[in-house]
Amino acid sequence: MKEEEEAVPILVNVSRQDAEADTDIGILTSEIEVASGRQWSGVVYNPCKYVKSFLQWFAVMREAFGGPFLGVVMIVYGVSQGYAETMKQLATNYYWRDVQKMQPASTQIFMAVSSIPWDIKPIYGLITDTFPIGGYRRWPYLAICGFAGCLCLWTLSFFKLTPWIATLLMAGVAICTAFPDVVADAAVAQRSKTIPKLASDLQSLSWGSLAVGGFFGCGVSGAAVHGLGPQRSYLLVSIAPVMLIVAALVLPESRSPKAGLDFQFGALMHTLRLFGKTLRDPTLWRPALYIYLSQGFLCPDISEAMFFWLTDPVVGPGFNEEFMALVNAAGYLAMFFGVAGYNYWFRCQTFRKMFLWSQVTSSFIGLLDIILVSRMNLRMHIPDQAFVLGDRALTDAISKLQLMPMLVLSSQLCPIGIEGTVFAFLMSVSNFGNTSGTWLGALLLKWLHIQKDDYSRLWLAVLIRSLMRLSPLFFIFLVPESTVENIKPPNVALTNDLEMEETAKDINLFKKVPVHDSDG
C-alpha cells in the first residue's frame, strides 16, 4: 500500500525531481566538458594521440553512461546491425540474382517487402514498454528475437524456397533485428536527453560501432559468399542472433511488479495519449515530414540495378564477390570517417545548414555514376575498380554526414517519458522513407525497361535519381534553424481539464488508487 500511495506523486509531480537531477547532471557535464577539452587538444598535430584521445573519450563516456550500457550499444549496433546486416546484404543480393533468378526491379520489390518490419518500430516500443513477460521488459524479448532469428536464418540456409516464402523469412529476420534495435534506440534517446552535450558523442559511438562491425563483416562476407554460396552464408549471419541470446542472459534488469490487464491497458492508453499530443506539435511533425521526404520518398533507389550491372561480366565490370565485399568495406570505412568528421567539425552547425549542404553534395556525388555506367572512366584511363571504390567511399561518407544530424535531431526531439516510442517513430519515418524510395526506384526501373539483359537506359535512371535528390530542398524550411545545444523537445504538458481527467484515469489504472472528482 505504501508503494501505491507514493506512486501518483511520482507520475504527476516530477518537476522537483527533475530539478534535483539537473543539478547532478550539470556537475557531471562540467566534468565531461573539462575532460573533453583536455582529450582533443593537440590531436591534429600528432597521429599517435588519436588512440590516447579515443581511450580518454571512451573513459568519459563510460563515466557518464556506464560500461554495461555502452557494451549493449556496441553489441546491438556493431554485431546485430553492423556485422550481420553487412553479411546478409551481400548474401541476399546474390541470393536473389543467382538462386531465385530475379530481375533488378523484382528484386527491389521483394527487398522492400522484407524491410517493412523496420517501418513499424513504434509498435515494438509499445510492446516492450507496456507488456512485460514475467515482469521483465527487455531480456525476454531479446531472447525471443535471438531464437526466432536463428530459426529463420537456418531455414533460409538449408531449404529451397519460393520467392514469397523467402521474403517472409527475411522479414522475420528483420523483425528480430529491429526489435533489439528499438531497445537500444530508446536507451540512447533517454540518455541523450539526460546529458544533451554528449548526445552527438553517443550517436557517434553507436554509428562508429556499426561501422567497425560492418567493416569486419565486409572482410568475411565476400569469401563466405564465394566459398559457401549465398544460402550457406546465412549460417554466418546467425552469429548475431546467438549473441542476442547471450546478451539477454547477462543483461541486468529488475523485475517489475506483477500487473493485470487494467494496468497494461492504462499504461498503453497513457502512452498513446502523450504520443498523439506530441505528434500534433509542429516541433516534431515538421522535421519528421522532412526526414521522410529526404530519406527516400522523393529520392528513388536504384541500388539493385547498379549491383546487377556491376556484377555483369558482359556489359558491366563483372566484379566478383570478393571485390563487392571490398566495395562495402570501403563504404563502411568511409562511414567511420564520416561519423568522425561530423563529431569533430560539423556538430556545432545548425540542423538546417547540415541538411542543406549534405543533400546538395549527395546529389552531386550521385552524378558520378553516369561516368561509370557510360564507361567514360575507361576513356579517362580510370580503372573500374579505382572509380567504384572512390565513388562508394565518397557516397557513404556523405550519407553518414547526412544521417548524423538526423539522428541527433531525432534524439533531442524525444519528450521525457515517451523517449522510446517517439524515437522509434522517427526512425520508422526514416526507414519508411527508404522503403518508399525502393518502391519508387523499382517503378523507375520498370518504366525505363532496365533488365539483366538491357542496361542501355541505366545512365538515365542515374541522372533522374541524382537530380531528384535535390527535391527535398524545397521543404528545407521544415527543419529547425537551431543546433543540438539549443533545440527544445515538444511540450507534452497537459493543458486542459479534459486531458488532466484522462491522465488521472490512466494513473488510476496504473496504480489502482481512487481518483476523486474535482467537485469533491
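Just so it is clear, glycine is given a Cβ too, placed from its N, Cα and C backbone atoms.
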Between the ranges 109-132, 205-228, 421-444, TrEMBL assigns transmembrane segment to 205-228
Maximum Cβ pairs under 8 Å to the transmembrane segment (323-342) - stretch from the list 139-159, 205-228, 289-311, 354-373 | 205-228
The transmembrane segment (205-228): which same-chain residues, six or more beyond its ends, come within Cβ distance under 8 Å?
-> 61, 70, 73-74, 77-79, 81-87, 89-91, 94, 184, 188, 235-236, 320-326, 328-329, 332-333, 335-336, 339-340, 400, 403-404, 407
Would the transmembrane segment (54-79) count as touching the transmembrane segment (234-251), if touching means at least three Cβ pairs under 8 Å and pairs must be 6 or more apart in sequence?
-> yes
